[in-house]
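Visitor: Starting off with a structure, shown below.
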Amino acid sequence: MTPLDAKRPLQLNHQGQLRHFLSLDGLPRELLTEILDTADSFLEVGARAVKKVPLLRGKTVCNVFFENSTRTRTTFELAAQRLSADVITLNVSTSSTSKGETLFDTLRNLEAMAADMFVVRHADSGAAHFIAEHVCPDVAIINGGDGRHAHPTQGMLDMLTIRRHKGGFENLSVAIVGDILHSRVARSNMIALKALGCPDIRVIGPKTLLPVGVEQYGVKVYTDLNEGLKDVDVVIMLRLQRERMTGGLLPSEGEFYRLFGLTTARLAGAKPDAIVMHPGPINRGVEIESAVADGAHSVILNQVTYGIAIRMAVLSMAMSGQNAQRQFEQENAQ
């Protein structure tokens, strides 16, 4: 457990309800299951002619993205809008941060605009925890991805994808393949899978892209793709994060694809009904063959759909937990 994850009680109110969503580490299985169940109920909203429920009417959700994103930012916007919240998205490239304003000052100024919730994506590990510790206690903080540390909503949408396609976790073999070292998605997935009872979690990649001590997550480590994929139910592919790499970790993308790219032939080693996932963006011909990404085993587009429902669940649950905490503190102050 990292020092960041040791701060996990910050996420819960006095009743054990979600008030911030910063990391999956340490969250009880019951709470993760509640998030999945709530998201399941929200999937129906997306099929309606009017895709809205009034749960966050009158609330303001501010998306503060210091890193580029398409799927995460857009699905958070849609999730908040479908909950009837007012939504602000900060364009960081034109914000005061480009003029030297600190992260803390930026959030303080946004807080003065009376936002009820911040969704924060940042290149630095721990940014979401820092904000949750220092902003007004009435404001809920949702981590949209921080450095290499965590991407909890991606982790949960991946769990929803697996549960909806496989029915549960208790008898599954799941392989996570690629750049494990730099992937916050891999960390969130390993934590969630273990908490939800998956008995066989595998990480597969070159030694240079496997974190030291990754076994502490309860995973089996493979450096041979064919061996690691044998009889798995779920394959989660990860992109090479060149922007986070330093030094010569890889000889070339072509060499990586030759050894670790998911092709139709290699997928044949998994179970016949295996599903293939990817958090995006996909690098075709680097970590995955187009025939696999677009094929019958792929549930990559389903992940995007489920992402809206998961983010609706997290936004609504965190706001409810904050409201309960506020009421508790007011009653005890009297």
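Glycine is treated like the rest: Cβ placed from N, Cα and C.
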Visitor: Among R48, R108, R121, R258, which residue shares the carbamoyl phosphate site with R71, T72, H151, Q154, G280, P281 according to Swiss-Prot?
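Guide: Same carbamoyl phosphate site in Swiss-Prot: R121.
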Visitor: Tell me, how many other CB atoms lie within 10 A of the CB of P281 (carbamoyl phosphate binding site), whichever protein chain they belong to?
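Guide: Around P281 (carbamoyl phosphate binding site), other Cβ atoms within 10 Å: 10.
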Visitor: Roughly how many angstrom lie between the C-alpha atoms of G280 (carbamoyl phosphate binding site) and R239 (L-aspartate binding site)?
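Guide: R239 (L-aspartate binding site) has its Cα 7 Å from the Cα of G280 (carbamoyl phosphate binding site).
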Visitor: Among the binding-site residues R121, H151, R239, whose Cβ has the fewest other Cβ atoms within 10 Å?
Guide: R239
Visitor: Helix, strand or coil: which one is T72 (carbamoyl phosphate binding site) in, per DSSP?
Guide: helix
Visitor: Taking the Cβ of T72 (carbamoyl phosphate binding site) as the reference point, list residues of the same chain whose Cβ is under 8 angstroms away and which are at least six residues distant in sequence.
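Guide: Those within reach of T72 (carbamoyl phosphate binding site), by Cβ under 8 Å and sequence separation of 6 or more, are F65, R121, G144, G145, T153, Q154, G307.
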Visitor: Can you see whether DSSP assigns R184 (L-aspartate binding site) to helix, strand or coil?
Guide: helix
Visitor: Identify, among the binding-site residues R71, R184, the residue whose Cβ has the fewest other Cβ atoms within 10 Å in this structure.
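Guide: Looking at the binding-site residues R71, R184, the Cβ with the fewest others within 10 Å is that of R71.
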